[in-house]
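In what follows, a single structure is set out as structure tokens and then discussed.
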Amino acid sequence: MKSLAFVVLLCLGCGLMTSSFVLEPPHMWSKLILTHHWPSTFCSMEHCHSKFDYWTLHGLWPDKGQECNSSLHFNETLIQDLLPEMQKWWPDLKIPESSRFWKYEWQKHGTCAAKAESLNSQHKYFGKALELYHKLDLDGVMKKCNIVPSETYYTFDLIEGNILNFYNVKPKIQCIHPKEGKVQILGQIEICFNSDFQLDDCEHSETDTVNFNVKGAGFSVCDHATPVYYPPLKGKLLV
């Protein structure tokens, strides 16, 4: 009996040890979403005056969790060497001189990304986002594909097809949808990576929406059948 009890305890102990090995941190993410937004479209909703005529960073978002660790406070001094790049490629479109937007992104998304050792500091998180942004060069890819801001409308399939063919993964493309419904306005493009920072397909549903402060406004997945308007920067002459 004693030997049998010992075997049972040993098995239970091994089971506990095994389970502790396979358990992951709660809400551990498996995918990162590098999100770009088009300044002209954003500012048409938020009543700002953008000087940026290229796709800027919105954020690097894990697919699971928000505001995961309130003890990880944003500290701008930890990313001083990254600030020149961030001001250019990841600006606060409403208040370009402010660090408020980066603080928000760190608290909401960065503290969740930090569950991975590769992103467990502000410098790693913001630095990796900039690295992936430059690696993708979405603005350059769009221009190479002759998809440029224009008063002429594009088909959704043309935009999605060119991005898919270039990166070999499916993006998530979002628009704003005026009430008239005759045209949709290109606003945001998400491109996804797995936990090893390799390109991966983005998952989405037709109900995905990113809301802003304007009542009822926000980006949602573009409709395949509706023409897409890719608005130029206000005041910029089209060549």
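Even glycines carry a Cβ here, placed using N, Cα and C.
Residues annotated as signal peptide in TrEMBL: 1-19.
Here TrEMBL flags His58 (among others) as active site. Other C-beta atoms found within 10 angstroms of the C-beta of His58 (active site) number 24, with every protein chain shown included.
Summarising the environment of Glu105 (active site), the number of other Cβ atoms within 10 Å of its Cβ, over all protein chains shown, is 24. According to TrEMBL, the feature active site maps to Glu105 (among others).
Applying an 8 A CB threshold to same-chain residues 6+ apart, the list for His109 (active site) reads Gly59, Leu60, Trp61, Pro62, Gln66. For His109 (among others), the entry in TrEMBL reads active site.
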